[in-house]
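**Q** These came from Swiss-Prot, pasted as-is:
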BINDING   D35, L36, V37, Y38, D39, S88, L89, E117, R140, E176, K301, K325  NAD(+) binding site
ACT_SITE  K119  active site, N6-AMP-lysine intermediate
BINDING   C416, C419, C434, C439  Zn(2+) binding site
DOMAIN    611-692  domain 'BRCT'
Amino acid sequence: MKKNSQIRAKIIELREKIEKWNHHYYQLQNPLVDDLVYDKTLRELEKLERENFFLFSLEELNQSPSQKVGSKITSKFEKVAHSSPMLSLNKAYSNEELEKWAKKAREILKTVTFFVEPKIDGIALSLFYQNGNLIKALTRGDGVFGENVLVNALKINDEFIPKKINYLEDLEVRGEIYIDNSTFASLQLETKKFKNPRNAASGILRRYKNHKPKIDAKSIKFLEEESDFRYLKSFFYTLVNPEKHKINSQFDSTNFLRNLGFQVNPFQKKCSDLKDVFNFISIIKQKRDFLNYNIDGVVVKVNEFSIYEKLGSTSKFPHSAIAFKFEDDIAKTKLLAIFATIGRTGKVTYNAKIEPVTLAGSKISSAILPNYSYIENLKLNLNTEVYIKKAGEIIPQIIGSVHNYPKTNFSIVKNCPKCNSELVNSESGLDQFCQNQFCPEIILQKIVHFCSKNALNIESLAQKRIEKFLEKGLISSACDIFYLKDKLELIYERLSNKNQLLTKQNASQSMQIKSIMKLLNEVERAKNIDFYRLIFGLGIRNVGLKAAKILSRYASNLSELRNLDFNLLKNQHDFGPVIIESLIDYFNNQKNSEQLNCLETVGFNFKTTFLTNQSNSWASFAISGKLSKPRDEYVRIIEESGASFHESLTKKTDFLLLGQSAGSKIEKAKKAGIKIINEVQFFDLIKNSKKT
């Protein structure tokens, strides 16, 4: 049995660890561990403190991170007291824990109902309005004091932070600021400094600028950072002192907010009992991978405000609400090995071999580690236990060590595992690259990417066959694929068993030759593709499908693309300096020029599906609600018709395509005089546009 001194030391160690994590999470926007690891550690601390409270003075117990919200404010923003504490939420990890929480509410009110909604993984923000004008915007801070980030809140799109509302009484509303996953993916092309959408939202919202720079070369970065506020979105979920506004329930509160023009999560429900609650939690859990924003659980609230005072609160969280966490996406296993692989851009990815374990219904034996800094921060040790998590990713990620270690016992890889060239660090210092253009692995991965589904879609050229063709000297680049038809004799010879040399006479009987002929037919078909697919297939660093589609509006073939002034695209369509620099570097590279020269001789017949100039679009569309097909399909139809699509409503929006469970866009569209259409009307418009 542990001595009291050992238990006290353990509690102090856990407190220091959590304080450090809190500081990095709340103040530096740089989380050191995954939420699930944090929650497990906090629960361990809470349990030890409950069982051994006598080892500490009352003052020491009150100063524990288990009793406080957030972290000490260290930023330069004005520190302002909250009108009422901005508390955190207690957590439940099982149905039994949720039932235990609900029991107290049922004892006070037998007919109690509940309100359930996803728990957005964002940044808590409290907005204050006087005479309908936004006058203050406070972050959570330490729960008692927050940072007044009004100067930044005013830069966020009106759709997500209303600057004026049609309500003259003093009003305080609270919600979450977040960046959706698709927007974050675009943002990551411009900067690698954000680890996840929450980290990005916090970094942008709490960005401190105490002056406006002169208009010179240095101002460019400032202006680009200012434009980042367009990425921020919101969901608001509660009022402070709702009874003052004659609002008696959480359900009424969200309707009140929606009617005032605030974004309210449409995926929510008033539940009559716990059975209804559990059913809705199951629905949220099933659908969360299809949401375009991250959630880290579900919030369950007592719906009736009348019993909130009787339910009370602790210094850290209210008893009127609880967060139900999804814990079954985390598993414990053993880290067996770490090895590095090289991608088509030369970027190094660290991979983990783990002891097989079942996670989210699948048997897992490998996991991904983004870079060496990640391994260092988590202090991962080979042949020790680790936590792995699967939340929408195909390959799960290691999120922490089960036990504490002073440092990792795995050394950084310094040379390319394929060509042995010395690896070079990126400007950020996070990523490593092999810069040998003749590295066999880079060449292989470039060709694999070139043939992939979203590029030229040559199914018969999977990675193993490409490896074989490279090994036999049949190809050395992606362009060589189009000239395989001129090497039939060589293919027959080099891919055949020496003892059973294939000839033209018996070739027709060979399954292998049939396979080759199928491949050649696919290669010929690949000459008739949308131009954006070839752009994507080139594998230009930081140029994904979205950027490739945009580029195809400005160039209809390789020759036009090579002569395009990419600087003209700066700050348009989310094209920032990182993408522009990548494009310029790619087209100035001698080896790439040789590849492009070859591709220009292939004889592509590109389809014309995108406008060469978006300013000539015949209409502008926005979408709200759930439609009969995936949203991406409608965006594709809109763009291919020659129209433009925007996530948010703007002055230039002509049509709002409305689906089920539409949000506040419908009210904004009505006020702005934007025509609201259903799916039938939408397809009629598209059909008629093709006739003109």
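Backbone N, Cα and C atoms are what each Cβ position is placed from, and that goes for glycine too.
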**Q** Please list, in sequence order, the residues in the chain of L89 (NAD(+) binding site) that are at least six apart in sequence and whose C-beta is under 8 Å away from its C-beta.
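**A** Same-chain residues close to L89 (NAD(+) binding site) (Cβ under 8 Å, separated by 6 or more) are K119, V299, F317, P318, A321, I322, A323.
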**Q** State the Cα to Cα distance, in Å, between C416 (Zn(2+) binding site) and R140 (NAD(+) binding site), rounded to an integer.
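**A** C416 (Zn(2+) binding site) and R140 (NAD(+) binding site) have their Cα atoms 45 Å apart.
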**Q** Select the closest residue to K301 (NAD(+) binding site) from the following binding-site residues, measuring between CA atoms: C419, C434, C439.
**A** C434
**Q** From the Cα of C439 (Zn(2+) binding site) across to the Cα of D39 (NAD(+) binding site), what is the distance in angstrom?
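**A** Given the Cα positions, D39 (NAD(+) binding site) is 44 Å from C439 (Zn(2+) binding site).
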**Q** Excluding C416, C419, C434, C439, please set out which residues of the same chain place their CB within 8 Å of the center of the CB atoms of the Zn(2+) site, keeping sequence order.
**A** I342, G346, P417, K418, N420, S421, Q435, N436, P440, E441, I442
**Q** Using DSSP, would you call D39 (NAD(+) binding site) helix, strand or coil?
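**A** Going by the DSSP assignment, D39 (NAD(+) binding site) falls within a helical segment, counted as helix.
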**Q** Would you mind splitting the domain 'BRCT' (611-692) into helix, strand and coil residue counts from DSSP?
**A** 32 helix, 16 strand, 34 coil
**Q** Around the Cβ of C419 (Zn(2+) binding site), how many other Cβ atoms lie within 10 Å? Please give the count over every shown protein chain.
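**A** A 10 Å sphere around the Cβ of C419 (Zn(2+) binding site) contains 14 other Cβ atoms.
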**Q** Mind telling me which of the recorded positions K119, R140 has the densest Cβ neighbourhood, counting other Cβ atoms within 10 Å?
**A** R140
